[in-house]
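**Q** I have a structure here, written as structure tokens, and I will follow up with some questions on it.
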Amino acid sequence: ACGAREGSSVGSQKDRVVTEEEWLQKWESGNIGFHKEQGHPLLQQYLDVLLNGRSGLRVFFPLCGKAVEMKWLADMGHSVVGVEVSEQALKEFFAEHSLPYCEEPVPEIPGAKKLQSISGNISLYCCSIYDLSSSIVGKFDGVWDRGALVAVNPRDRQRYVSLMITLMEKNSSYLLVTVSYDPNKHKGPPFYVPESEIKSLFGNHCEIKCLQKVDDFSDKHRKWGLDYFLEVLYILKFVA
Ligand code: SAH
């Protein structure tokens, strides 16, 4: 069910750049069609694959926005770390879940802040992901990457993946959601990342398995000029 859709040109997107300023602007104007108020059904469905029988995990949410899945995992007893450039997004997250939090500077990163739930199990860094390293945030047992790799500018993909690999613990699992559509018809984000590229980006460091492809086509995608839109879920296993 998960054969690669080869032959699509991704060259049309490779030079596209969305600046941090543009992301902040999207949050300010409420242009956040990517946010899923009810959370993502694929995480619900494949949670067991991510957890793999383990409890009390450290789970990382790159480019987290105000993803409600962070609350789900914290409520299950895991410890959640996210990173997001928009402080507004992070404040909305805490407000919408009525979670009290405190703010502190991050000594290693000038200008960055850490917003942490008072209960202590959700720590959200307000800075660029490229400012993080394992010496600042530690390593993770699990990752939920949805709207993250696909939101990274194509020219920064290798850098993003190299960084993510340094944040993975031995025997960790990484759920990755990508999207598939005709990249000649929409400039992104989200950007189309073909399976062949997932393999070349991560392949040397982990086992990759495509778990599911789901039709996610909606009116929004029709307005973008598309005639199909799929979500593709992978599990990446960072074997010891
Ligand atoms: N993962 C979230 C948000 C997806 S949209 C979800 O599933 O809802 C991508 C998010 O990445 C935006 O909120 C944007 O502000 C943030 N972002 C973009 N570039 C970033 C960077 N370099 N570092 C951290 N966050 C970034």
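Glycine residues also receive a Cβ, built from the backbone N, Cα and C atoms like all the rest.
Curation does not apply to TrEMBL; its annotations are automatic.
Taken from TrEMBL, the feature S-adenosyl-L-methionine binding site applies to 23-34, L63, E84, 128-129, R146.
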**Q** If I restrict to non-local contacts, at least six residues apart, and a C-beta distance under 8 angstroms, what lies near I129 (S-adenosyl-L-methionine binding site) in its own chain?
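**A** Once residues fewer than 6 apart are set aside, I129 (S-adenosyl-L-methionine binding site) is near P62, L63, V83, Y160, L163.
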**Q** Does S29 (S-adenosyl-L-methionine binding site) have same-chain partners at least 6 apart in sequence with Cβ under 8 Å from its own Cβ, and which are they?
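**A** Correct list: empty, so none.
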**Q** Out of I32, L63, which of these binding-site residues shows the lowest number of other CB atoms within 10 Å of its CB?
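**A** Result for the binding-site residues I32, L63: minimum number of other Cβ atoms within 10 Å at I32.
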**Q** Running a distance check here. Ligand 1 versus the binding-site residues W23, K26, S29, I32, I129: which have CB less than 6 Å from one of its atoms?
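**A** Cβ under 6 Å from ligand 1: W23, I129.
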**Q** Which residues does K26 (S-adenosyl-L-methionine binding site) neighbour through Cβ under 8 Å, counting only same-chain ones at least six apart?
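**A** For K26 (S-adenosyl-L-methionine binding site), the qualifying residues are I32.
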